[in-house]
Amino acid sequence: MERSLIILKPDAVQRGLIGPILTRIEQRGLRIVGMKLMQIDESLARRHYAIHEGKAFFDSLITYITSGPVVVLVVTGKNIIEIVRSMVGATNPVKAAPGTIRGDFALDIGRNLIHASDSPENGEMEVSLFFRPEELVEMHRSTDQWIYE
């Protein structure tokens, strides 16, 4: 099973979108195995977004992600990376399809509400940045038999 890190960014928290976004995640049948409200400090932000270091938007990205509380969660499941990214929508909300989180709730690329891991390898790396193993729960729901083959 793959794992994906999802971050509901400061704009999602400030706009009161935690509930609607979590509802979509749960209604889709995704299994949440870790979740916390936290403030990302600059050191963690720089490690998480290290791939973007040196790009023109890097400093503003760090300022943005550290500007307020975020909700960080880990979801797990078969093909979870692809599923979550299709739910999230294009990075630029202008290009995000209606029905996606960004397509329905975001308007600007600089305030695009949500982060999701882009590969199984990055998912594992990102999960380890934000969660200790003991913070994650092994969860099996009675509905799993109706979701996964």
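Cβ coordinates are placed from backbone N, Cα and C, and glycine is handled just like the others.
What Swiss-Prot annotates here:
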BINDING   Lys9, Phe57, Arg85, Thr91, Arg102, Asn112  ATP binding site
ACT_SITE  His115  active site, pros-phosphohistidine intermediate
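Within its own chain, Phe57 (ATP binding site) has Gly110 as residues 6 or more apart in sequence whose C-beta sits under 8 angstroms from its own.
Largest CA to CA distance in the ATP binding set (Lys9, Phe57, Arg85, Thr91, Arg102, Asn112): 22 Å, whole number. If you measure from the Cα atom of Thr91 (ATP binding site) to that of the residue listed as 'active site, pros-phosphohistidine intermediate', you get 9 Å. Secondary structure at Asn112 (ATP binding site), as computed by DSSP, is coil. Proximity of Lys9 (ATP binding site) to non-local residues of its own chain (separation of 6 or more, Cβ distance below 8 Å) is seen for Tyr64, Ile65, Val70, Arg111, Asn112, Leu113, Ile114, His115, given in sequence order. The number of other Cβ atoms within 10 Å of the Cβ belonging to Thr91 (ATP binding site), over all protein chains shown, comes to 14. Here the recorded positions are Arg85, Arg102, His115; the one with the fewest Cβ atoms within 10 Å of its Cβ is Arg85.
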